[in-house]
Amino acid sequence: MTTLENPEMQAQLLSAALPYMQRYENKHVVVKYGGHAMGNPELGKAFARDIALLKQSGINPIVVHGGGPQIQAMLTKLGIESRFEGGLRVTDEKTVEVVEMVLAGSINKEIVALINAEGEWAIGLCGKDGNMVFAQKAHKTVIDPDSNIEKVLDLGFVGEPAEVDRTLLDLLARSEMIPVIAPVAPGRDGHTYNINADTFAGAIAGALAATRLLFLTDVPGVLDKDKNLIKELSVADAQALIKDGTISGGMIPKVETCIEAIRRGVEGVVILNGKTPHSVLLELFTEHGAGTLIVP
């Protein structure tokens, strides 16, 4: 008999989860949803059920999502060629229209529908709604390999959060609604900007002084040099691991985003594997969690 078929084991699991449910009651938990989980229907359903259970447990979940592969697929379908500078996509006027259509349209509404199918009341938003987020143009620099001189890249309508107003999010929390937010926002200059979903989620979590910010990724978390999962890191520990090369490659910007979220007032940020079914519940409602927790 499996655990799920054993009533006594089910009761024990629920009982063990109770202290964690009480810890997060009435708290804000921001979940950045992306990676492999978004392309897998079963994982998508499991994620939606996790978010519904958080709400039913008295927690205020906020979902921020990405959608890079879906954006690229739509650009290809429409015959819009992508241009890159220093390995980064340039978002011109045509591209940002597609970005908004895909992120704030199809992907956003798919996630909303999945959560609503679990009996909750989710609402799809982007940074434009309720003047929630205003963006500013992002400035990226790279070192020219030939001249070794720092070069400023113009990536078009790629932005970063400049202002976050939590008024609408507080209203939705009081109304028992679950915000699902696409990382698209207006600038004070009147343009629409595409914002990195991790950065966007960190800004939202900081504005809410969230108890937890969860980044669902395609990896278990931060690994040590022996490829073992590190369960918890302070900001100082994380910075030291970047410096000595333990944290490298694509994990560096992810961890730096976590550190910035902590500086903005988030109590703890977790990098965890979104390919593990119900990883959100495992992280929040079990003793050992499911990823790497970064704390001040």
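The backbone N, Cα and C atoms fix where each Cβ goes, and this holds for glycine too.
A quick note: this is a predicted structure, and the numbers were derived from the prediction, not measured.
Substrate binds GLY67, GLY68, ARG89 as Swiss-Prot records it, and from the list ASN131, ASN148, ASN194 the residue named for this site is ASN194. The record gives GLY67, GLY68, ARG89, ASN194 for substrate. Within 8 Å of the mean position of their Cβ atoms, the other Cβ atoms in that chain belong to GLY66, ILE71, GLN72, THR91, VAL99, LEU103.
For LYS254 (site 'Transition state stabilizer'), the same-chain residues lying six or more positions away in sequence with a CB closer than 8 A to its CB are ASP198, PHE215, THR217, ILE271. Rounded to a whole number, the C-alpha distance linking GLY68 (substrate binding site) with LYS32 (site 'Transition state stabilizer') is 13 angstrom. All protein chains considered, the CB of GLY68 (substrate binding site) has 16 other CB atoms within 10 Å. In the three-state DSSP assignment, the secondary structure recorded for GLY67 (substrate binding site) is coil.
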